[in-house]
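Student: Structure incoming, see below.
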């Protein structure tokens, strides 16, 4: 058996099934939010974990998961983020989306590509760059944002959140341009 990937930070997940999946894939400790009604005691746990070992927020690639990510991120600054593409988190019968459905390989890959929040960073990528790239409004915008989020490993979001994440994770103009070029090439096929 291969040596298990050891994670120093404490991983914030949504529930027990996510913890089981994480521990199956890597050697790590978790904090469970148990849904999107996050109690103050959970926020306090996450704050303490952030001070002692650091925190990686690893929630499901769906609306409740993004909501939980935002709540924790707002209340506990400086967290790291791991993202799982939606198609790697689908249940076998396509009923449900979650980390608990992901393969060990997908979980490890997401944890190898974590992003760190940077406070008060004015990024290189402007709102007009997103508009010019067809990522805001228009019939191709959603699918382009999905692809860009996957290529840049920052998850799928709406246009406003995409802009915020590009800033927060200090995505360079070069990385953005490379990903955009790939999206356009794929569309031509």
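The backbone N, Cα and C atoms fix where each Cβ goes, and this holds for glycine too.
Among the features that Swiss-Prot reports, domain 'Toprim' is placed at 8-91, with the record citing sequence analysis. Summarising the annotation, Swiss-Prot assigns Mg(2+) 1 binding site to 14, 60. The Mg(2+) 2 binding site annotation in Swiss-Prot covers 60, 62 and is backed by sequence analysis.
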Student: Sort out for me which one of 14, 62 has the most neighbouring CB atoms within 10 A, since those are the binding-site residues we care about.
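Tutor: When each Cβ's neighbours within 10 Å are tallied, 14 leads.
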Student: When you measure from the Cβ of residue 60 (Mg(2+) 1 binding site), how many other Cβ atoms are you left with inside 10 Å?
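Tutor: So the Cβ neighbour count for residue 60 (Mg(2+) 1 binding site) comes to 24.
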Student: Can you tell me the CA-to-CA distance separating residue 14 (Mg(2+) 1 binding site) and residue 62 (Mg(2+) 2 binding site), as a whole number of Å?
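Tutor: Each residue's Cα considered, residue 14 (Mg(2+) 1 binding site) and residue 62 (Mg(2+) 2 binding site) end up 12 Å apart.
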